[in-house]
Every structure is written in structure tokens, then in C-alpha cells.
Amino acid sequence: MNKPHFTFDCVGKCSHTHARAGVFHTPHGIVETPRFMPVGTTATVKTLTSAHIEDAGAQMVLSNTYHLHLRPGEDIIKEAGGLHKFMNWNKPMLTDSGGFQVFSLSKTRKITEEGVTFKSPLDGRTIFISPEKSIEIQNALGADVIMAFDECPPYPATRDEVIAATERTYRWLERCIQAHQRPEDQALFPIVQGGVHLDLRAQAAKSLQEFDLHGYAIGGVSVGEPSHFIHKIVRATAPLLPENKPRYLMGVGTYKEMAIAIASGIDLFDCVIPTRVARHGAAFVRGERWNLKNAPFKRDFTPLDDTCPCYTCQNFTRAYLCHLVRCGEITGFTLLSLHNITELIRFTQQIRNAILRDRFVEEFGHWLTSEDPESSEESQH
């Protein structure tokens, strides 16, 4: 029996934490949560095809409104039949609002109540994006889940600056809802802001629920603040969001931070880290980050991870990968990207399986205690 679009079913809970296993229903299929989503910024996950991403176990992919607006333009993608057809991805998709990218252009952008004006990094032309424009672009792109246009305060920022950004995010959400033309087949998620101030996060989480939307996101984390702030924000904020809706933590994708977030009740994650570190010759293996350029790998003729089902691990050795990355061969970056994405998706799938057996704490509890970000530690391999 097909469920209505954007229904979220909780199918398992951890008896010791807020972790839960769920099923999110979308027009393009289901997403089993918790789940890591690969990032296809410009309608492609860097160096990989849609077939690669499907083989990696991806059930949902993220793409970027800001970049696609700049190039090729939402009109071309709409003419192609929407983002799914344009990139040949027939499973669920999510587009962010462009807010984070716009606000990261701090030297060229101007924020007003109406929206944000900035100069294109491609050709220098002046571009204006408002809440209405962001939704118009995302309606044209046609992803299953679209994000409200928000103001992402930087870190550090004064409390008054964070209050102003959080209140503007609320007002902009009202305008996003009014502008949304495809509510039947595109779910609109609002974004909880509030910086590192837990009381502001709590207020935002409460106020956004007035609109009873299909899911909720926590944004404005992993923007330069120490990792312990991320943990505190997520632990305090996630349980305040509705239990019957998916919860999405934006821009987070390391082992430890995903485990801590899942324990707090988060369902969805995205991050560019698996492909970014791959392009620097690094691989995620069983909770560690290995630099494949290191000398010991030159004569290591074993798979990267003999428990991993990905094409890379099933067909190539560490020595070959070492050779490729030392030579700067694109094939090496492709093979490592494929493995890294598979690894992080497997990690969230393994956690899901543990939750269904109520063994999350027993099997993944070691990730919940350390305050040192695992992403900054490299194995001595």
C-alpha cells in the first residue's frame, strides 16, 4: 500500500537514547532513516555518475539551488523535465535554498529584509535572491524536498546579530510558504537557526512548528564553531522537533557527529566531506581517515576494506589507489569518492539496523562519548 507523500513512519526506537529508525515517503520513493545523503552541488556528485551513487546505496541526493541558478539556470533544467531527469536520478532529491552559499559570500553580499544582493562569482553580475525567488527556483528544479530561504549567522556573531538572523528567518519562512506553488509534490522544510545560543534554538524550534510543515532542519552548524558546540546544539534542539516528522541536520557527515546526532533524534544528513577528502587522496575506513599517499600503502596489495561491498574495494588494492592518487589520476579520486560515500551510507545503515534490534548503544556507544572530533584525526597508516 502506497503511503501519502511525505509521511514519516517511525519503525524502531532506541530504549536508551532519542535514536529512531524511520521511513520517509516521497513522490520518488522512500528514504530509510537515519541516512546520509551525498551532495551533488551542480547536479552531479563530483567525479561520479548517478549509477555510481545508486550503487553506493544512496536513497536521496542533495543539490544546490544557488549554483544551479547561476549555471545552467533553472529555466534550462525545467525545460529538461526537472532535476531528476536532467541528472538521470529517479530517487528522492532535496535542494537547499541557497541561503548558506549566499551568506558565505560575506564580502560581496548585502542583506535587507527583502532578500540578499550579491555579485556572481562567475561573471560579476549583480544577483538578487529573495525568499520568493529561492522558492521559485526550487519549484522549477522539482526536487522532492525544498528548503526555506534562511539567514545563516556566521561564527562568531554577537547575540543580537543571531537574534536578528533568527527572527528574519522566521519572517522569510512565512514568505516562502506563500510563494510555494507545488506543495502537493514538494515538501518545504524550515530551518532552525539560533547560533550557539540554546535558548534561541529552542525558541526557533517552537515557533517554526506553528506552520506544521512536512519536516524540519537544523542549520547554522559546522560553520566554524568548535565541535562541542555542534554536539550541544543538536542534543538540545533535535528532541524539541516533532516526532512524526523527519529531522535533518545540515552540513554534517563525520562518523562521530552523525552518531551523536542520531542519538539525539536526527534522521537525515548531508556533507561534501566524502568527496572532498577523496580528492585529497584520503579514505574513510572503519571509523578512521587514511591518507592513501602514505608510503606503507605502496606495497599493500589488500583491498581498502575487505568488508566493504563497493566497486573500489571489490576490484582494487590499496597499492593501486596509492599509485593513482600519487599520480593525480582522476580515476583515483573517483574510486575513493565512491568508497567514501558507500562507507558513510553503510555507517548510517548499520546504525539503523542496530536501532531496529535496540542495540544502538551497545554497538555504537563508543562514538557518543569522545569530545575530540574524529574528522581531525588521521590514522598512522
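Cβ coordinates come from backbone N, Cα and C, glycine included.
According to TrEMBL, the feature domain 'tRNA-guanine(15) transglycosylase-like' maps to 17-367.
Residues or ranges marked as active site, proton acceptor by TrEMBL: Asp96. The Cβ neighbour count for Asp96 (active site, proton acceptor), using a 10 Å radius over every protein chain in view, is 31.
Reduced to three states, the DSSP call for Gly220 (substrate binding site) is coil. Close to Gly220 (substrate binding site) in the fold, though at least 6 residues off in sequence, lie Cys152, Pro153, Ile191, Gln193, Gly194, Gly195, each with a CB less than 8 Å from its CB. Look at TrEMBL and you will find Asp96, Ser97, Gly98, Gly99, Phe100, Asp150, Gln193, Gly220 tagged as substrate binding site.
Counted with DSSP, the region 'RNA binding' (251-257) comes out as 3 helix, 0 strand, 4 coil. Residues or ranges marked as region 'RNA binding' by TrEMBL: 251-257 (among others).
Annotated active site, nucleophile per TrEMBL: Asp270, in sequence order. Within 10 Å of the C-beta of Asp270 (active site, nucleophile) we count 23 further C-beta atoms, all protein chains included.
The region 'RNA binding' feature in TrEMBL is assigned to 275-279 (among others). Cβ atoms under 8 Å from those of the region 'RNA binding' (275-279) belong to residues 38-39, 45-48, 289, 333, 336-337, 339-341 of the same chain, restricted to positions at least 6 beyond its ends.
When Cβ atoms from all protein chains are considered, those within 10 Å of Cys310 (Zn(2+) binding site) total 23, not counting its own. Among the features that TrEMBL reports, Zn(2+) binding site is placed at Cys308, Cys310, Cys313, His339.
Mapped onto DSSP classes, the region 'RNA binding' (275-279) shows 4 helix, 0 strand, 1 coil. In sequence order, Ser134, Met147, Phe149, Asp150, Glu151, Cys152, Ile191, Gly219 are the residues near Gly99 (substrate binding site), counting only same-chain partners six or more apart with C-beta under 8 A. For Phe100 (substrate binding site), the same-chain residues lying six or more positions away in sequence with a CB closer than 8 A to its CB are Cys152, Gly219, Met250, Gly251. In sequence order, Pro303, Leu304, Asp305, Asp306, His339 constitute the residues six or more apart from Cys313 (Zn(2+) binding site) in its chain with CB-CB distances below 8 Å. On the backbone, the CA of Cys310 (Zn(2+) binding site) and the CA of Asp270 (active site, nucleophile) stand 20 Å apart. Note: the CA-CA distance between Cys308 (Zn(2+) binding site) and Asp270 (active site, nucleophile) rounds to 21 Å. Same-chain neighbours of the region 'RNA binding' (251-257): 36, 100, 219, 221-223, 227, 230-231, 269-274, 284, 287, 344, 347, 367, 370, 373-375, counting only residues six or more beyond its ends whose CB sits under 8 Å from a CB of the stretch.
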